[in-house]
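What follows is one structure encoded as structure tokens, with my remarks underneath.
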Amino acid sequence: MPTLGVNIDHVATIRQARQTVEPDPVAAAVLAELAGADGITVHLREDRRHIQERDVHILRQTVQTHLNLEMAPTDEMVAIALEIKPDYITLVPERREEVTTEGGLDVAGNLSQMRKVVAQLQGVGIPVSMFIDPERLQIEASAQIEAKFIELHTGSYAEAKNEATRHKELTILADGCNIAINHGLRVNAGHGLTYENVYSVACLKGMEELNIGHTIVSKAVLVGMERAVREMKLAINGKF
């Protein structure tokens, strides 16, 4: 079954709501790892609405599993990534007015820019993943620019209002996995996954890691980070 990358952005969201020092996302990362998280994910946004550069620097020194840095493919973010050197990077689209990431990257429509960013990062040994919708065009473009991974956007599946739509979206994700694998790409997934809907995605052939944040942090507010992470690990394995 896939491994679990715990996204701790929303621990920082709570902190930034009061512009104070707590809760500390670094402490949350430690607790998540102790509970069995296989990796820690953070999104350093251009508007710095939650995770701050200082957080990423400290996490780079303290995370014992692997650190996945989500970021927009901009010169500013590339410079930061080259300084910090996370274990791997997921390139994501970004709009300042969005509440959360609303869709996948348009890799096919920005091939030259994406190829340049991927080459810069992978040239210093940082594997790059492209956060994309499960569309053949975007998957093939990601292979064309020689990214190592893709992360399939699971939002449409997660937001499905009925079982028929959910099944349709799951089939699209499964097809995306197969296309990616046939093009030599490794496959992760994330966005909107919960304790209730994660298992079907976890069962997709070739799925390596699921990056999950909001639902874990939401549960952690009530039961603690360690229990929230342990229960997500169980959910991924169909035992929750």
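Glycine is treated like the rest: Cβ placed from N, Cα and C.
Values in this document were obtained by computation on a predicted structure and should not be read as measured data.
Contacts of G213 (3-amino-2-oxopropyl phosphate binding site) defined by a Cβ separation under 8 A and a same-chain sequence distance of 6+ are given as V6, N7, I8, D9, H10, T41, in order along the sequence. Annotated 3-amino-2-oxopropyl phosphate binding site per Swiss-Prot: N7, R18, G192, G213, H214, in sequence order.
The Cβ of D9 (1-deoxy-D-xylulose 5-phosphate binding site) has 21 other Cβ atoms within 10 Å, all protein chains considered. For D9, H10, R45, H50, T100, the entry in Swiss-Prot reads 1-deoxy-D-xylulose 5-phosphate binding site, with the evidence type sequence analysis.
For H43 (among others), the entry in Swiss-Prot reads active site, proton acceptor, with the evidence type sequence analysis. Within 10 Å of the C-beta of H43 (active site, proton acceptor) we count 25 further C-beta atoms, all protein chains included.
Per Swiss-Prot, the feature active site, proton acceptor maps to E70 (among others). E70 (active site, proton acceptor) carries a strand DSSP state (E or B).
Under the three-state DSSP scheme, E151 (site 'Transition state stabilizer') falls in the strand class. For E151 (site 'Transition state stabilizer'), applying a Cβ distance below 8 Å and a minimum sequence separation of six or more within one chain yields T90, S129, M130, F131, I132, V187, N188, A189, G190, N211. Taken from Swiss-Prot, the feature site 'Transition state stabilizer' applies to E151, supported by sequence analysis.
According to DSSP, H191 (active site, proton donor) is assigned to coil rather than to any helix or strand. Feature annotation from Swiss-Prot assigns active site, proton donor to H191.
Checking each of the recorded positions (E70, H191, G192, H214) against H50 (1-deoxy-D-xylulose 5-phosphate binding site), the C-alpha distance stays within 10 Å for none of them. One residue stands out among the recorded positions H10, R45, H191, H214 for having the most other Cβ atoms within 10 Å of its Cβ: H191.
R45 (1-deoxy-D-xylulose 5-phosphate binding site) has its Cα within 10 Å of the Cα of these recorded positions: E70, taken from R18, E70, H191, G192, H214. Counted over every protein chain shown, other Cβ atoms within 10 Å are most numerous around H50 among the binding-site residues R18, H50.
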